[in-house]
Amino acid sequence: MAVPATKLISKFGLLLIAIYLFFCYFMVEIVAQYIPVGADTAFLGIKQEYIDIPFYLPVFYIHVFTAILALPSGFTQFSRYILKRWPTVHRLNGRVYIISILLLGAPSGFIIGLYANGGLPSRISFCLLGVLWMYFTWQAYAEARKRNIQRHKAFMYRSFALTLSAITLRAWKYVLIAIFHPRPMDVYQLIAWLGWVPNLLIAEYLLTQKRPK
């Protein structure tokens, strides 16, 4: 007997949620490496040349721990069930998402992007990511304030696509190393762009599919 399309969509949606939760758990494991806070923990082991810059460590840790707020709060914004059943929760999560990015994640990402591995190509990418992340998130907030729901949704798609770079960047890193075994600096230059540009292109494609034809 054929499975109804709605059930297939529902199962596909559940699969996506399961995959997303797996990667969120993966991110928690990464963030947990930095507890307790140290100057040579995990990734910081190859950033020792910048440790003596007074603001580098605080900004780095702000950026790392922001993922714990931005990823789950942003994901729930796309739940129609939560929006209809618990609109207050939707708005509260939205505020957490906006604040965590505009005040913490995007500014700190831009700053540490200035010191990114991989030289100028990587630094340009991460700084551009920080600017676009802040812009899209601010526009999502501004359109929500103006009750322009369609534009609010469009900018949330773009903003969250960049938020997901915390996951996709690391996924690309493992794929590239496993298949091509490139030099470390080449990896950083590639994932600096692969981590967010495809995400944004996918978001734009999805938005074009939602527009009236």
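The backbone N, Cα and C atoms fix where each Cβ goes, and this holds for glycine too.
Over in TrEMBL, the protein carries these features:
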TRANSMEM  12-35  transmembrane segment
TRANSMEM  55-75  transmembrane segment
TRANSMEM  96-116  transmembrane segment
TRANSMEM  122-138  transmembrane segment
TRANSMEM  159-181  transmembrane segment
TRANSMEM  187-207  transmembrane segment
Same-chain residue ranges lying at least 6 outside the transmembrane segment (12-35) that approach it to Cβ under 8 Å:
41-42, 61, 64-65, 67-68, 71-72, 75, 166-167, 170-171
Mark yes when the transmembrane segment (159-181) and the transmembrane segment (55-75) have three or more Cβ pairs under 8 Å (sequence separation 6 or more) and no when they do not.
yes
Are there residues at least six beyond either end of the transmembrane segment (96-116) with Cβ under 8 Å to its Cβ atoms? List them, or say none.
47, 50, 53, 55-56, 59-60, 62-63, 66-67, 69-70, 73-74, 77, 122-123, 125-127, 129-131, 133-134, 137-138, 140-141, 159, 163, 188, 192
